[in-house]
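The structure appears right after this line, and notes come after that.
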Amino acid sequence: IEDESLGNCLQIISALGKTWHPEHFKCASCNEPITGDKFNQQDGKPYCEDDYANLFLKRCAECKEPIKEKVIMALNRHWHEEHFRCAKCDKKLVDLSFFEKEGKPYCQEDYHLLFSPQCHGCKEPITEMAIGALGKKWHQACFTCMKCSQAVVETQFEVLDDRPICSKCTNK
């Protein structure tokens, strides 16, 4: 906005390729005069900062307020950078790998802790290839003989207390 003082304190505002009296340079939404040098325009019309934000800016999926700075686009929604966080631990997820469950973002650790199947052997989340045996899931490293602790790689094995016994220990 350029203010030009002409003679007896007459002011003219030059904005949007036009010349305005100050009292006529108004927000296209609230119709209040725009004072100072900050305003926004949409389709050639001036808007005060608040109305422009409320009418035209994306809204944060978390707080529902207009996003005036950097917009984070994730899970088909828009977020303030500071509001895109893990639904469990509140860790900031910007620039991190994350997982989604029921529309909520989770950090990798919490997602696996909450939603990944647990290994029957060590009770930790299974995040990679697993063995399905005895109606349960196991880490490959945890599917071991309960007697000698060696990996059970055979397709046939004995079972004791829901744990495999390898053929070597069965034949002893």
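Placement of Cβ uses the backbone N, Cα and C atoms for every residue, glycine included.
These numbers come from a predicted model, not from an experiment.
Residue counts for the domain 'LIM zinc-binding' (1-57) by DSSP state, with H, G and I taken as helix and E and B as strand, are 11 helix, 22 strand, 24 coil. Annotation comment: TrEMBL describes 1-57 (among others) as domain 'LIM zinc-binding'.
Per TrEMBL, domain 'LIM zinc-binding' is recorded for 58-117 (among others). For the domain 'LIM zinc-binding' (58-117), the model gives a mean pLDDT of 96.
Among the features that TrEMBL reports, domain 'LIM zinc-binding' is placed at 118-172 (among others).
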